[in-house]
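Peer 1: My structure is below; once you've seen it, I'll send some questions.
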Amino acid sequence: MREIISIHIGQAGIQVGNACWELYCLEHGINQDGTMPSDTTVGVAHDAFNTFFSETGAGKHVPRAIFVDLEPTVIDEVRTGAYRQLFHPEQLISGKEDAANNFARGHYTVGKEIVDLCLDRVRKLADNCTGLQGFLVFNAVGGGTGSGLGSLLLERLSVDYGKKSKLGFTIYPSPQVSTAVVEPYNSVLSTHSLLEHTDVAVLLDNEAIYDICRRSLDIERPTYTNLNRLISQIISSLTTSLRFDGAINVDVTEFQTNLVPYPRIHFMLSSYAPVISAEKAYHEQLSVPEITNAVFEPSSMMAKCDPRHGKYMACCLMYRGDVVPKDVNAAVATIKTKRTVQFVDWCPTGFKCGINYQPPSVVPGGDLAKVQRAVCMISNNTAVAEVFSRIDHKFDLMYAKRAFVHWYVGEGMEEGEFSEAREDLAALEKDYEEVGAEGADDEGDEGDDY
């Protein structure tokens with residue numbers, strides 16, 4: 001079996017996690033208490049969904065996941081929520097005091113006390129796997145727990161499970177909407193370790209997803225639940241081929257191979273189509289070319305950056321539902337002829353496609369319409385650098401005055417770490433610039449950087 005362990009860190013990670021597991025359970029017909037009426041082979045772990053769920057002898061299906069937070073309120077909601085019987089109590093780990101939006105608390109003081117317990121739980125989950133494939137890590141880098149404890153856990157996972165792939169779903173601060181003043185500090189410090197310790201990181205940002213909800217679903221005031229359900233569709237599409245059998249399966253390590261041209265250039269944009277409300281879907285059925293064009297639209301991107309400002313290095317298209325390879329090839333051929341979607345000159349083909357016949361599921365009473373076919377795109381585009389330069393700019397404004405730095409130093413950080421992380425990000429921006437530059441032949445002498 002090729003199992004995947006999901007790790008949800010901090011409030012954002014946990015709430016996205018709730019949406020994801022809710023959707024997985026719906027897709028597999030697993031009840032809220034973990035029973036699965038359709039599973040006839042009780043205790044036999046060869047079903048495809050066992051990549052994400054382990055089965056007990058009594059026929060209960062338990063998610064291979066842990067939820068970690070430094071303060072209890074968010075995890076208590078899981079403990080008392082609709083899916084409380086789904087998770088093993090040991091999988092829900094909460095501390096007593098908050099990271100207070102402070103990377104240093106999450107990484108050094110408060111996080112240090114809880115990280116061994118987390119790794120112990122991960123070890124238990126890993127021992128339960130026959131062929132662990134990798135980890136999905138969910139966190140936000142604006143707060144303290146997601147950024148600090150997230151980085152710490154990733155660093156420790158690299159030590160314990162060096163060869164396993166780690167995919168991050170990371171919520172980055174939005175350009176306009178901010179939930180904390182020190183977001184730029186936390187993001188820069190955290191990205192410093194994401195660079196080192198994740199194999200692929202998918203960037204999400206709330207503002208972009210708010211806009212998609214407003215525009216495509218006509219929700220005037222989207223809540224986090226609306227956002228998370230949209231995010232969970234993307235994550236579900238990414239992992240469909242691990243959980244169901246399909247025509248062209250896409251493995252987690254395949255994402256890495258196909259999307260990451262250089263180890264550091266691994267920050268991805270994602271988009272999903274069709275995002276339509278039930279009222280609209282009732283009157284229109286979208287074809288493969290239509291949804292394929294939709295995922296390349298700048299307005300469908302789940303992070304605030306414009307792919308037209310950059311070039312694509314690679315992209316993965318995961319189709320699900322009523323889709324045949326012939327349609328996909330035709331749609332991709334059309335995209336290639338379009339001048340709007342530009343690829344770097346050293347990577348002319350750039351498309352990886354997966355098809356899965358399991359149609360997309362939707363949460364009953366949710367906002368998304370039930371559709372026959374959907375597509376999710378994960379793309380590596382040089383425009384992602386916009387996200388970093390925006391955060392770096394805000395970081396510089398504050399750091400020039402050393403504003404708020406004492407809170408970090410007081411928790412045992414050194415000021416040098418700020419400048420080190422900032423330099424690393426400056427180098428990353430430069431890397432993206434070089435990768436997108438015309439003509440790859442003149443860069444032969446700079447191969448040592450990677």
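Residue numbering: from 1, along the chain as shown.
Placed from the backbone N, Cα and C atoms, the Cβ positions cover glycine too.
The GTP binding site feature in Swiss-Prot is assigned to GLN11, GLU71, GLY144, THR145, THR179, ASN206, ASN228; the stated evidence is similarity to another entry. According to Swiss-Prot, the feature Mg(2+) binding site maps to GLU71, an assignment based on similarity to another entry. If you look up Swiss-Prot, you'll see GLU254 marked as active site. Swiss-Prot lists TYR450 with the feature site 'Involved in polymerization', giving similarity to another entry as the kind of evidence.
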Peer 1: Fill in the CA-CA distance, GLY144 (GTP binding site) to GLU254 (active site), as an integer in Å.
Peer 2: 32
Peer 1: Are there any residues at least 6 positions away along the chain from ASN206 (GTP binding site) with a Cβ closer than 8 Å to its Cβ? List them or say none.
Peer 2: ILE171, SER174, VAL177, LEU227
Peer 1: Based on the record's binding annotation for GTP (GLN11, GLU71, GLY144, THR145, THR179, ASN206, ASN228), what whole-number value in Å is the widest Cα to Cα distance?
Peer 2: 22
Peer 1: With a 10 Å radius around each C-beta, find which of these binding-site residues (GLN11, THR145) has the fewest other C-beta atoms nearby.
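Peer 2: Relative to the other binding-site residues in GLN11, THR145, GLN11 has the fewest Cβ atoms within 10 Å.
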Peer 1: Per residue, counting other C-beta atoms within 10 angstroms of the C-beta, which of the recorded positions GLU71, GLU254 reaches the highest number?
Peer 2: GLU71
Peer 1: Just give me the nearest neighbour of GLU254 (active site) among the binding-site residues GLN11, GLU71, ASN228, Cα to Cα.
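Peer 2: Closest candidate to GLU254 (active site), judged by Cα separation, is ASN228.
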Peer 1: What three-state class does DSSP give GLY144 (GTP binding site)?
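Peer 2: Note: GLY144 (GTP binding site) is coil by DSSP, not helix or strand.
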Peer 1: Comparing the binding-site residues THR179, ASN228, which residue's C-beta has the most other C-beta atoms within 10 angstroms in this structure?
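Peer 2: Comparing the binding-site residues THR179, ASN228, the most crowded Cβ belongs to ASN228.
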Peer 1: Helix, strand or coil for GLU71 (GTP binding site)? Use DSSP.
Peer 2: coil
